[in-house]
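The [4Fe-4S] cluster binding site annotation in TrEMBL covers 12, 95, 191. Under the heading isopentenyl diphosphate binding site, TrEMBL lists 40, 73, 123, 219, 221, 263. The (2E)-4-hydroxy-3-methylbut-2-enyl diphosphate binding site annotation in TrEMBL covers 40, 73, 123, 163, 219, 221, 263. Residues or ranges marked as dimethylallyl diphosphate binding site by TrEMBL: 40, 73, 123, 219, 221, 263. The active site, proton donor annotation in TrEMBL covers 125.
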Ligand code: F3S
């Protein structure tokens with residue numbers, strides 16, 4: 001069986017950068033707190049917890065003076081200020097692409113534009129971006145969302161995207177807005193890492209007999225890779241750990257493509273490749 005790996009695939013620049021900062025802080029401070037998982041990958045979180053990471057749900061659970069890590073998704077500015085007052089030391093792992101989206105949201109609302117964010121309103125990145133909007137804000141998952149009609153009372157609107165959004169979904173919302181509001185200012189804040197990984201898996205899907213995706217089940221960008229491969233007509237096996245390899249799925253396939261979510265650590269991909277080589 002031939003195995004072709006999507007290129008690029010695996011850890012994106014933003015998550016790699018954040019985890020490296022977290023590892024340095026763990027080395028220096030021994031114990032570092034994070035509100036929510038620092039990375040959408042349970043195996044990597046387990047590894048970091050063994051080194052002193054403490055994952056909490058809320059800032060209230062962080063002892064005063066203890067260092068706090070802000071993950072690549074970023075947080076709202078009010079929470080950051082509160083964290084700085086309470087913890088003194090904040091290791092800010094906000095991805096520069098997310099930072100850009102936060103700044104766009106802040107600037108648009110400062111200029112009086114209601115802000116539309118194309119994404120998942122429950123996702124921490126989107127909740128963080130929303131924190132930068134001073135006026136009206138609306139989060140929509142796609143152009144079918146009925147709440148878009150609420151924007152007809154505005155003369156202008158600004159639209160940006162969750163960084164991991166699919167381009168077609170983002171552009172369809174921007175297009176719908178043009179039919180509703182006279183002035184639409186569009187900022188494409190989808191990060192190139194996501195697009196490159198999505199394109200790579202789409203190309204690979206037409207070259208192989210199946211696509212094997214490794215990544216956390218709680219990882220939105222891994223789920224999108226799976227969707228894209230399925231939409232391209234590929235048979236897809238999504239696993240979180242090499243132990244989940246399904247031999248029945250592999251049987252009879254002359255070639256498979258391997259893709260990993262943007263939050264899958266290198267060591268897990270290596271383990272999977274070694275496992276496949278043995279097979
Ligand atoms: Fe940043 Fe894009 Fe990764 S926004 S965290 S480089 S998926």
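In case you wondered, yes, glycine gets a Cβ from its N, Cα and C as well.
All TrEMBL annotations are machine predictions without curation.
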Shell list (isopentenyl diphosphate; ref centroid = CB of 40, 73, 123, 219, 221, 263; cutoff 8 A): 39, 125, 164, 216, 218, 220, 222, 261, 262
Residue 73 (isopentenyl diphosphate binding site) and residue 95 ([4Fe-4S] cluster binding site), Cα-Cα, nearest whole angstrom: 7
Recorded (2E)-4-hydroxy-3-methylbut-2-enyl diphosphate site residues 40, 73, 123, 163, 219, 221, 263, farthest C-alpha pair in Å: 15
Distance [Cα-Cα, Å, rounded] between the residue listed as 'active site, proton donor' and residue 73 (isopentenyl diphosphate binding site): 4
Secondary structure of residue 163 ((2E)-4-hydroxy-3-methylbut-2-enyl diphosphate binding site) (DSSP, helix/strand/coil): coil
Close binding-site residues near residue 163 ((2E)-4-hydroxy-3-methylbut-2-enyl diphosphate binding site), where close means Cα within 10 Å, chosen from 12, 40, 123, 191, 219: 191
[4Fe-4S] cluster site, defined by 12, 95, 191: further same-chain residues with Cβ within 8 Å of the Cβ centre: 13, 14, 15, 72, 96, 97, 98, 163, 193, 194, 262
Between residue 12 ([4Fe-4S] cluster binding site) and residue 263 (isopentenyl diphosphate binding site): CA-CA distance (Å): 7
